[in-house]
Amino acid sequence: MAIHIEGLVAIAIFYMLILVVGIWAAWKNKHSGETEGTDRSETIMVGGRDIGLFVGGFTMTATWVGGGYINGTAEYVYLPGFGLAWAQAPFGYALSLVVGGLFFAKPMRSRGYVTMLDPFQQIYGKRMGGLLFIPALMGEIFWSAAILSALGATLSVIVDINIKMSVVLSALIAIFYTLVGGLYSVAYTDVVQLFCIFIGLWISVPFALTNPAVADITVTAVKEVYQAPWRGSISSGDTWVWIDNFCLLMLGGIPWQVYFQRVLSASSATYAQVLSFLAAFGCLVMAVPSVLIGAIGASTDWNQTSYGAISPKDKDQADMILPIVLQHLCPPFVSFFGLGAVSAAVMSSADSSILSASSMFARNIYQMAFRQSASDREIVWVMRITIFVFGGLATVMALVTGTVYGLWYLSSDLVYVIIFPQLLSVLFIKGTNTYGSVAAYLFGMVLRIGGGEPYLHLPPFIYYPGWTLEQRVDHLTGAIEEVVVQRFPFKTMSMLASFLGNVGVSYLAKYLFESGKLSHKYDFLDAVVSKHSAEIMDKTTLVARGNNIGLSEMGPVKPRLSVTLAAAFTRRDTLPTEMVEEEEEESSPDSSHHDEE
């Protein structure tokens, strides 16, 4: 197949659009926050906490609506044996945003945190924060790599160009404007991204639906024409697996820095909640064209198309059903427009994860754990370097590994099993400590990895009730592989065990040390007796007045951003008197007048 000049031109136009918007956003907001005494590093991380309703709604929606979301939804609707019943991402992630808005956005935003790891480090200490950074980093890097890998494959379908070249080019563009503008560039390119996806796909859907090779999708939803009905069904034996996966999407979609980066950039706690609810609606709306394209793929006689007699599922190309439908069922100018728009949109999804990973490293690992005296300029440079490093790492993974989606799948599970119960504990369970956190970390990791991961050929060493041995055939090579399938909802069980382990071990350690049954000298993590040590960072401030942070969580919050933790809080009665006096002396009349306005 020859290189399609029209396709290259379409992709180049959309890529240039994304790049120009990213650079414009960086230029437009280069002085944002300076009048309020905001550190430049935190402006890059949370956008000066002044993201508006329009941009905020789009960028929050784009938290999950990207290449994996639209391609994955179409794939599951298309696959025989799965269908719409197993396309859980739209409802799962929409509910994830609703739950996040109801319970997590308000306390995180009102307490003035800068990254998702802040509460962990402040309560459990910098070492525990470093441990929790590992699964969070893995999730972000593998997600970026999966996006870039899928993008390379998509481009190869469109224009038959070298996959490696397309991956590297896409990564360089995303890294460049993220380096230049931080969250502002990411947020504004998200707006363009969603417009590209929505318009590009909706332009293509009518042409694909009316193609002579496509049967009526309302008929193929319930009757077998070319393959099993695309509506799908859930067998009684798979019910618990379905519930387990849905809980993973709904609850495991919350503890991601890409989500909390948007929450913490909102101008108030209430605003953060509103944006979450808007994004939940946006997720459902953006899934509609993907569902239709998956249904079209399942309703097509591929023998009548330029694709060939063998269907995509029989070539193990079901994951590429969206670009295949656009390429072979639409006129060339329509398919190039749709695929170009989707490719540019997919590319801009990688920037969010790269920025999130670099934000957590620069603040929670470099600054908080190693260089608390680091200047703002130093933190900015660390962020820039790590944006490049993490972007490069994701690009290399996308180029050299064939199991990127498997790696991301496992890391997503670890985020659900390890970080979600820890986030629940640190925000809502009074009295949990580092001993409980360490125990929960170990419980969750052992129970999840013990269940195995067929995608990575990782055999289980824990066989949960109801496990079965299945044979899977590679359609291309004919090779037969036996895999262990766990039908028990062990991921959710692992998450609950991790949560209960945190609470149980925390209170046990607290009882043993405070009752004197264990000598204080054995409190080697400084988590119970020596609670005001340097390890539990700024805990004196956080646990004052009975371990409660007395904040008006529904009120507008415009904290003065600073490297000092105390400045992140607005209720002065939670701070020591001398700290309040120092801040009042530092405040100038001009800045006070500005705040009043």
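Note that Cβ sites are derived from N, Cα and C of the backbone, with glycine treated the same way.
Per TrEMBL, transmembrane segment is recorded for 7-27 (among others).
According to TrEMBL, the feature transmembrane segment maps to 85-105 (among others). Nonlocal intrachain contacts for the transmembrane segment (85-105), taken as residues 6+ away from its ends with a CB within less than 8 angstroms of a stretch CB, comprise 60, 63-64, 69, 72-73, 76-77, 79, 231-234, 242, 245-246, 248-254, 259-260, 263, 266, 269, 272-277, 279-281, 283-284, 287, 291, 294, 423, 427.
For 131-159 (among others), the entry in TrEMBL reads transmembrane segment. With a threshold of 8 Å between CB atoms, the same-chain residues lying at least 6 positions outside the transmembrane segment (131-159) that come near it are 3-4, 7-8, 11, 66-68, 71, 116-117, 120, 166-167, 170-171, 255-258, 319-320, 323-324, 327, 335-336, 339-340, 342-343, 346-347, 349-350, 353-354, 356-357, 360-361, 364-365, 390-391, 393-395, 397-398, 401, 404-405, 407-408, 411-412, 414-415, 418-419, 422, 438, 441.
As annotated by TrEMBL, transmembrane segment applies to 165-184 (among others).
The list of residues near the transmembrane segment (191-209) in space but at least 6 beyond its ends in sequence, with Cβ under 8 angstroms from a Cβ of it, reads 14, 17-18, 21, 54-55, 58-59, 61-62, 65-66, 70, 217, 282, 285-286, 289-290, 292-293, 296, 325-326, 329-331, 334-335, 337-342, 344-345, 348-349. Residues annotated as transmembrane segment in TrEMBL: 191-209 (among others).
If one looks beyond the transmembrane segment (239-259) by at least 6 residues along the same chain, the residues whose Cβ comes under 8 Å of a Cβ in the stretch are 60, 63-64, 85-86, 88-89, 91-93, 95-97, 99-100, 104, 115-117, 136, 139-140, 352-353, 356-357, 359-360, 412-413, 415-416, 419-420, 422-423, 466, 487-492, 495. For 239-259 (among others), the entry in TrEMBL reads transmembrane segment.
Here TrEMBL flags 271-296 (among others) as transmembrane segment. Under 8 Å from some Cβ of the transmembrane segment (271-296) lie the Cβ atoms of residues 53, 56-58, 60-61, 63-65, 69-71, 73-78, 84, 87, 89-91, 93-95, 97-98, 100-102, 105-106, 108-109, 194, 197-198, 201-202, 204-205, 208-209, 214, 217, 220-221, 230, 262-264, 321-322, 325-326, 329, 556, all in the same chain and six or more residues away from its ends.
Among the features that TrEMBL reports, transmembrane segment is placed at 333-358 (among others).
According to TrEMBL, the feature transmembrane segment maps to 379-400 (among others).
The transmembrane segment annotation in TrEMBL covers 406-428 (among others).
Summarising the annotation, TrEMBL assigns transmembrane segment to 435-451 (among others). Sequence-distant contacts of the transmembrane segment (435-451) (same chain, six or more residues past either end, CB-CB distance under 8 Å): 120, 124, 128, 131-132, 413-414, 417-418, 421-422, 425, 458, 460-462, 464, 486, 490-491, 493-495, 497-499, 501-509, 525, 527-528.
Annotated region 'Disordered' per TrEMBL: 574-597, in sequence order.
Per TrEMBL, compositional bias 'Acidic residues' is recorded for 579-588.
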Can you name the far-off residues of the same chain, 6+ from the ends of the transmembrane segment (379-400), with a Cβ under 8 Å from a Cβ of it?
39-41, 44-45, 137, 140-142, 144-146, 148-149, 152, 164, 167-168, 171, 174-175, 178-179, 182, 350, 353-355, 357-359, 361-363, 366-367, 407, 563
For the transmembrane segment (333-358), distant same-chain residues with Cβ under 8 A (at least six beyond the ends):
4, 6-7, 9-11, 13-15, 17-18, 22, 45, 62-63, 66-68, 70-71, 136-137, 140-141, 143-144, 147-148, 150-151, 154-155, 157-158, 170-171, 173-175, 177-178, 182-183, 185-186, 189-190, 192-194, 196-197, 199-201, 203-204, 207, 256-258, 261, 322-323, 326-327, 383, 386-387, 390-391, 394
